Every structure is written in C-alpha cells, then in structure tokens.
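J.: Can you keep this structure in mind? I'll have questions shortly.
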Amino acid sequence: MSKFKSFLIRTLQLALVLWAVVTILFLMFRLMPGNPLAAYIDPTFTAEQQEALIRQFGLDQPLWRQYFTYLANLLQGELGYSFRYRTPVADRIWLLLPNTLILTFSSLIVAYAFGILAGAWLAWRRGTRTEAAALPVVLATRAMPEFWLGMVLLAIFSFSLGWFPAGGTRSAGTSYDSLWALYTSSNFLSHLFLPMMTLAIYSQGLPLLLMRSNMLDVMKEDFITMAKIKGLSPFAVVIRHGARNALLPVMTSFAISVGYQLQGNVVVESVFSWPGLGRELVNAVAASDYPLAQGAFLMIAVVVIAMNLLADLLYSILDPRISHA
Amino acid sequence: MPEAAVIRKPRVLSRVFSAVRLPVGDPFAVVGLVIYALFIVTALSAPLIAPYDPTEILYTENYDLASDLLPGEEGHVLGTTSLGRDIFSQIVWGARSALLVGLTAAFMVAFIGSIVGLLSGYFGGWVDALLMRLADVAFGIPFLPFVIVISAFSEPSIWNTVIAMALVLWRDTGRVIRSQVLSLRSRGYVEAARVSGSSDLKIILRHITPNILPLSFLYGSIAIGWAILTEASISFLGFGDPDAISWGFMLQDAFNSQALARQAYHWFIPPGLAIILVVSAGFFISRGYENLLFPKLGR
Amino acid sequence: MTTLLSVKDLSIAYKVGSNDVVAVSNSGFDVPKGTIVGLVGESGCGKTTMARALTRVIADNARIAGGEIAFDGQDLAALPEAKMNALRWRDISFIPQSAMNSLDPVYRVEYQIMEVLRDRGGMTRRAARARAAELFEMVGIDKGRLRDFPHQFSGGMRQRAAIALALALNPKLVVADEPVTALDVIIQRQILDQLRTLQRELGLSVIMVTHDISVVAYTCDRTVVMYAGKVVEDCDTATLLNRPLHPYTMGLKNAFPDLKSAGSGVLTPIAGSPPDLADPPDGCRFAARCPFAAELCRSTEPAPLEVEKGHIVACHRASEAAQLRLEASKPQTWEAMA
Ligand SMILES: Nc1ncnc2c1ncn2[C@@H]1O[C@H](COP(=O)(O)OP(=O)(O)OP(=O)(O)O)[C@@H](O)[C@H]1O
Ligand code: SF4
Ligand SMILES: [Mg+2]
C-alpha cells in the first residue's frame, strides 16, 4: 500500500513538473519578440479563420485569461492550427509520433543489447589490453556530435556505397495499405537503418559503461564468492548472479535514455530527413510555425517526463528489495 | 575563536588549491590535459595560426573563385569550401568559439548549480523545497528543444545559446552540491561554528565553500563537453550566431552544400574530429578528476 | 576415530604490491570425523584465509604457497580444478559470516536452495522443492517463508537459511566462518544449539571459525588456536579451557565473557596488536605481547610439539605452563603489558 502511495506521490510530482513545463512553454511563446497573436495567427489566414482562432484561444483577452484558456485547450488536446499545413497541430503530431518512437526504440534496443553484452565482456577482460583500447573508443563515441556521425554514415553507406537510401521513411511513389504494412516493409526498414545505427552508436556508451562498472562491483560481492564456493558453473556465477544483479540499474537507465534520445533525435532526424517530431520542431521553429513548434515541444516534454516516471516504476518492479519491501 | 580564524586562513587557501589540483597521475587525464592545452593555445592564437580570414572568399591566382579545392591544392591544407573559404582557417577559428562557449557555459553551470546547492542544502526548509522542485522542472524540460527555441526566438548569438544551456544544465550540479552540503552540515564543526555565533555567511564561505569547490569544478568540467556539443547542434540546425565561425556552422555549411553527395570528406570530417577531440579530452580530464576526488579502489 | 581432514604445513600468501603477506604460514590441524573443531584467534590472524583455502575459492591475489590439505584420501591443495569443483558443496560446504551479503538479493531463498540442489545435486525441480522445504524444517524456519527474498528475513533467519543451504547436499565437512558473529547473544545461542543438534543427528564434521572463545567453549569438541598466521595450540576443548599451555590462549580466555553466563567476571584484553604479516618478527610471533617472553622467545621460533597425547602447542615455556597459568589468571600480569 505504501508502495502504491509513494508511486502516487511521484506521479503527482511529475504532473506538477509537466504543468510547470507547460507554463514555461506558454511564456516562452508569448514573450517572444513581435505580435503576441503570432503564436497562433499567421497573417495569411483568412479573416474568418483569424476570428475563430482569436475566439478559441482568447487572444483578445488579458494574458492571464489566455493562460487559462490555453490550459483548458491543452486538456482537450487542442493545440491550434499549423501555419504551414493549415491542419490541426494535434493531427500532425499524431502522424509523426510513431516515426519518432520507432526510431528511438529501435536504436535504443540495439544500443542496450550491444552495450550490455560489451560492458559485461569488458568487465570480464578487466586490466587487459583489449580493455585499455576499448575504453577510450567508447568515451569518444560519447563525445561525437550525433549529427556528424549521421553525416559520415550517410556519406559512406548511402552516397558512396549506395547500400542505403539517403533519407525519408520510404522511396518516392511507394504506398502501403496500412501503417503496419509500411513499418514491416523492407523499404521502410532500409530507410530506418542508418538513422537507427547513428543513434545506436551514440547511445551504446551509457549502458556499456554502466554495465561494466556495475559488473566490476557486483563481482566483488560475497554472493558471487559463495556461488563459486558452491561449485556453480561459470555461467551461473557470471550471468545468473553477476549480470542479473548488474543489469538492474542498466534497465532503469533505459527509460531515462528514451528521454535523452528523443532530444538527440532532433538533429539526427534532420540529417536523415526522417519525418519525426524532432525534425518537425526544427522546421516549425525555422518557419515560425509557432503552434506546431509548441505542440512538438510539448509532446517531447510529455514523453521525457513520462519516461522519468517509468524509470522509477521499472526500478521498483525489477528490484525485489523494493518491490517486496 | 579569533585564534581559530587565524589558523584556518591558510587552510582555506590550501583547500581551494587542492580543489584545482590537476589529475596528473592518470594517463587518460594527462592525454586530455595535453589536448586541452593545444586547444587553448590554438584558440588564443587563432589569428597567428590561421593563414586566412575564415569568412573571406578567396580567389585563385587566375582570379577564379577558389571553391571546392581539395586538400593541398593552391596551398590550402584542408582545401576550401564551396564558397571559397579556407577550411583549415575555419577549424582554427572554430576552436575560439568552442572555447568561448565551453568555458562560459561551464562557468555558468557550475556557478548557478553551486549557489542553488548551497542555499538548498544549507538553509533547508522551504528554500530547499522550492529549489529542488525547480530542479525537477529543469529535469522535465527537453534540453535540446529548449535551447533551440530560445536560440531561435532571441537574437541569434552565442550568449543566448549559452544562457539557454545554463538555464537547464545547472540541475545536476545543484543536486550533487546540495547533498554534499547536507553531509558537511551534519559534521560537527559546522554546528560548532554556528553555536559559537558565526554568521551563516561566514560559515558558508569558510567551512562549506572550500569543501564543495572540487565538485563544482568537476561538474563544470563535464559541462564544457555538453556545451560544445550542444552549440554544434544548434549551429548545425541553423540557429547559431551567423557571425561566429564554429565547427557546428562548418558542418551545416558542408551539409547544405551537398558535401556528402560530393564525397567532400576533407570538408566535414575535420570539424567533427575537432569536436570529438576536445569533448573527449574533457571526458578524460573529468574522469581523472573524479578518481582524484572519489578514489575507488581497483577501478 | 578416523581423520576426515588433515591440513599439513599449509602456507597461503596474498600479493600486495610487490610484497607477500603470508596470512597462513606453515600451519596445520586435524578434523576427526563427526566432530566440531573450532578455529579461534583475533581478527586478522588468518582464520578466514585458512577456511577459504579448504574450498580453494581464494582471493585473486592469494595463492597456496605450500603444504597439503588431505581430505578423504585426496590432497585438495594439488587437486586439478575440475575435480576440486566437483567436490565443492557436495563434500565441503561453507557457512559465511554475513548471510545477508552472501545470499543473492534478486532471487528468492527457495530458488537459491533449489539452485544448488539441481545444479550440484542433480535433482529434479520437484525433488529440489521438497528437499528445500525439508531443509527449512530442519533449521527451524517456517517453510512458508521459502518464497521470501533474503532482505525479508531477519538476521537470525538468514543465518539459518545459510545453514540449510550448507546442509543441502549432505556434505562431509561444513566450514562455518563466524556463523553467529553478527547476531545478538540470545540468537547466537539458539543457532549454535541448532547447529550442534544437527551435527550430532547427521554425524557431520564441522569447522567453526570464530574470534570468540566462548563460542568455542560452547560448541566445539576440539579447538585450534591461531595467532598471526600460525597455529599455536591445538587440543580438545575441555583441556584447552582448563589447562591451556600457550600464553596466548590463556590471555584469550580472559578477554571473552562466557556465553553460558553472559556478563559475569572481569575481562582483561591482551594489550597491543598482532604483528605485520608482511614482515613478521623473528622468534615467537606473540613475544611482543607475551608477559612471559624470554630471551630465547625473541630469537627462535617455537616449533609446534605434541607435548601431551592430542595436545599440540608452540611455546618455549610450555613445560612451565602450570606456573604461567597461575600468573596469567591475575589481571595485573596482562595490565603490565599495556
Ligand atoms: N585479499 C587480501 N589481500 C591482501 N591481504 C589480505 C587479503 N585478505 C586478507 N588479507 C590479510 O590477511 C590476514 C588474514 O586475514 P583473514 O581474513 O584470514 O583474517 P581473519 O582471522 O579471518 O580475521 P577476521 O576475524 O577479521 O575475519 C589479514 O592481515 C588481512 O589483512
Ligand atoms: S614462546 Fe615465549 S613469547 Fe612465545 S608464547 Fe611462549 S613464552 Fe610467550
Ligand atoms: Mg574472517
């Protein structure tokens, strides 16, 4: 019961954080230079459109009333109209969100699978030349600008070798019956490969380093010594007891990584013209499409905050010391 | 008490000095320090090293535009851009932007974070509650999107980008410093100083600050890398300072000029390598520094 | 009585930097079948090192530098690793000091018991589950608690679980390294009683490592006293307590309360601390703290001798023991050394 309560408190806390972020967003877009109406109204909208928006968002009202109108609209999923697309921002975002999530999760799964194995392996090879050579390389991958890595992969594997397409999610002129058919097509997957690898190469460092240092700590624990005294097989000692324990914090970091990755997506999606939330945000900001920029930002923030919550939840589920307190 | 004050003075100084001790025992950190030294020298003496003005449009001897030259052609070590600018000179001047961004951001992050951590940890109560909720909010803000929006909506300048970064990144430093202050406060001598009537300001300056400075340095040094990477992203996306030649700007220039399709590796590889070199040097140093501060046996 | 284990002349060294810390040096003792043998001495004298050497799971920087571990007709010190591993837990099991840290926190206790039963005992899942319940009953824990995680147990229960684990495969020898040190006196007694009962019922041989001579007095048939990496005295417990021959044993007796009558009597600690094992002194290792040290003691190391039947001691003045015991019973004798 108290576990449920502490989770509830955490949820409430994060709801407050979300509210604060929403408020910051409101201020950020209202306080920007120029006409305050600019946040929702493009001069090229027809007079009726402008009227309707002014009413909907209370743009002729004082700022504090606008704020409450804004909150009320948000609660109903009402994000305004995109200047460029002339469609509701929400529609646009729901359209792009799957692309971003697919890119994020596929790259993180690859990164974590590799990072966990390599981290455990490096811990095992501790003090060897392999380790001495591998560590600086791993640190260097963390020091790489993601978009630059994307550029290099693009130049080599797309432009020079022609193995993969240069951008987008599918070849021009192709169409699919359903989203599922699209996402499982080789066409989509070959488009996904390079941006996915870019993000994966950048992200593998965190799970790798975390796994390695956890593994080094865990292997010094008494229960590992006991497993050896029990005459258990090396597999049981290293994997069943060592890795299983070292994995706990790595798994929790996955959720946090989703949040970070989403931010990194912004540049990589731009390099690969991947129609996701990040690229949309950049384009919207560049084109002064404020409602869309605001909506994309908000969606990213929601996922980041939700992932923080998920991380807490994961931790309390995966660690029996907490889940069975 | 006055006696104690007299004795303590040199100790405060020596503690501050021990905070800036360099991690010279660690081979990684030494490599990092050497790279940093080179980087700083390059940044400071950019005008002497760079053969050309990085923004100048150059012409060949026959008055053609010196565009897209390969490395070595016409004496351009790394070739030229599509607009006829010298790539090597841009790299050299880019070090200056990177240093500026890295150091100012690191300073601001360490400064804001330390102040927040100090106030939060020392005074506790509602001050602590307020500041830590603020930190929660900072953790909830998507970092890069935030910096993009701020950079795009304000006057494009390096400073606005740096300020936007500092507004979010202080959070980690703040939390760590806070817990350090909490543990310092629970030690006897802070309590003793308070009972004997020292003012809060005095206690903070004399007893607490010297002990948290090493951590501020550590987190500042980590922020350098973040700041340089972030500024590169911002410039690459086209929201950077148009007057400053930075490595991110070079990459944007290359990307938009079809350098990838034209296989102009000499154009977009060097700025990336420069960033990797400087940022990983920062990682090496902060790792060494961390080991110095928190020696972990057998690590 | 047949001898199950006979450690002879064993030396174990830790590499520390470029130094060798010889934590156990040229020491040995016997464990007769079906008895509890205590291994007692101050902290750092090499008890754990000795105990762990019997399983041959020793620290990365440790090595067996010489000697023999004769167990059931084989020399464990020279056994190939595969053969040694086959013998672990099936023949020699181990009860660690801190059961909290030696149980894996992420698995249920039942799983950890079943793990050895299945992996090492070749049992089916079903048989292992039944055996786990049986083991819990043996050590006096409600078998409903099998599905708990280690952190849900009290300290005493964890230690009992560790005993259950050690008995799982009916080993010939159980090595218990300070099995009750972390517990309060009442629980200590309960667990020692339990262990003693089980040992009698099952005819087990047990090595009981402890720094607490009252634990030895309470449980052990024979007692081996170690000092600074050496066995200094070895005999049956009653004789050791009534007629100790080594001054260190005499001192140790004064330094601990009696488990049976906790709290009574004045305690006199032995002043000083053991020598640095990286650079042990010439002569008797106890000389610096011994109230009876003579000239000879500082120059020549006393060899362990069987001065009476089944009573081994390493002291130059063992022949004057009756006189020394008289002196040693006076607190001033020891206080003078402080
Ligand atoms: N891994 C190691 N490396 C170096 N020295 C060690 C190591 N383990 C133990 N030692 C040293 O060996 C000596 C004997 O240690 P051991 O743990 O066997 O003592 P002990 O009698 O079990 O003591 P305690 O009662 O504290 O458990 C000590 O001086 C100790 O410092
Ligand atoms: S040999 Fe000498 S110093 Fe050592 S215990 Fe005997 S009397 Fe004491
Ligand atoms: Mg021990």
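Using the three backbone atoms N, Cα and C, a Cβ is placed for every residue, glycine included.
TrEMBL does not curate its annotations; it predicts them automatically.
Annotations for this protein, taken from TrEMBL, read as follows:
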type     : residues  : note
TRANSMEM : B:28-50   : transmembrane segment
DOMAIN   : B:95-286  : domain 'ABC transmembrane type-1'
TRANSMEM : B:98-123  : transmembrane segment
TRANSMEM : B:143-170 : transmembrane segment
TRANSMEM : B:212-229 : transmembrane segment
TRANSMEM : B:264-286 : transmembrane segment
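Quick one: where do these features end up spatially?
T.: Remote same-chain residues near the transmembrane segment (B:28-50) are listed as 22, 86, 88-89, 92-93, 95-96, 98-100, 277-278, 280-285, 287-289 (criterion: CB distance under 8 Å, separation of at least six residues from the stretch ends).
Residues 39-40, 43, 131-132, 134-135, 158-159, 161-163, 165-166, 169-182, 184-185, 200, 203-204, 208-209, 212, 216-217, 219-221, 223-228, 231, 246-247, 274-275, 278, 282 of the same chain sit 6 or more residues outside the transmembrane segment (B:98-123) yet have a Cβ under 8 Å from a Cβ within it.
Distant neighbours of the transmembrane segment (B:143-170): 97, 100-101, 104-105, 108-109, 112-113, 116, 223, 226-227, 230-231, 233-234, 237, 239-242, 244; these residues of the same chain sit at least 6 beyond its ends, with a Cβ under 8 Å from one of its Cβ atoms.
A Cβ distance under 8 Å defines the sequence-distant neighbours of the transmembrane segment (B:212-229), meaning residues of its chain 6+ beyond its ends; these are 15-16, 18-20, 98, 101-107, 109-111, 113-114, 117-118, 162, 165, 169, 172-173, 176-177, 180-181, 184, 275, 278-280, 282-283, 285-286, 289-290, 293.
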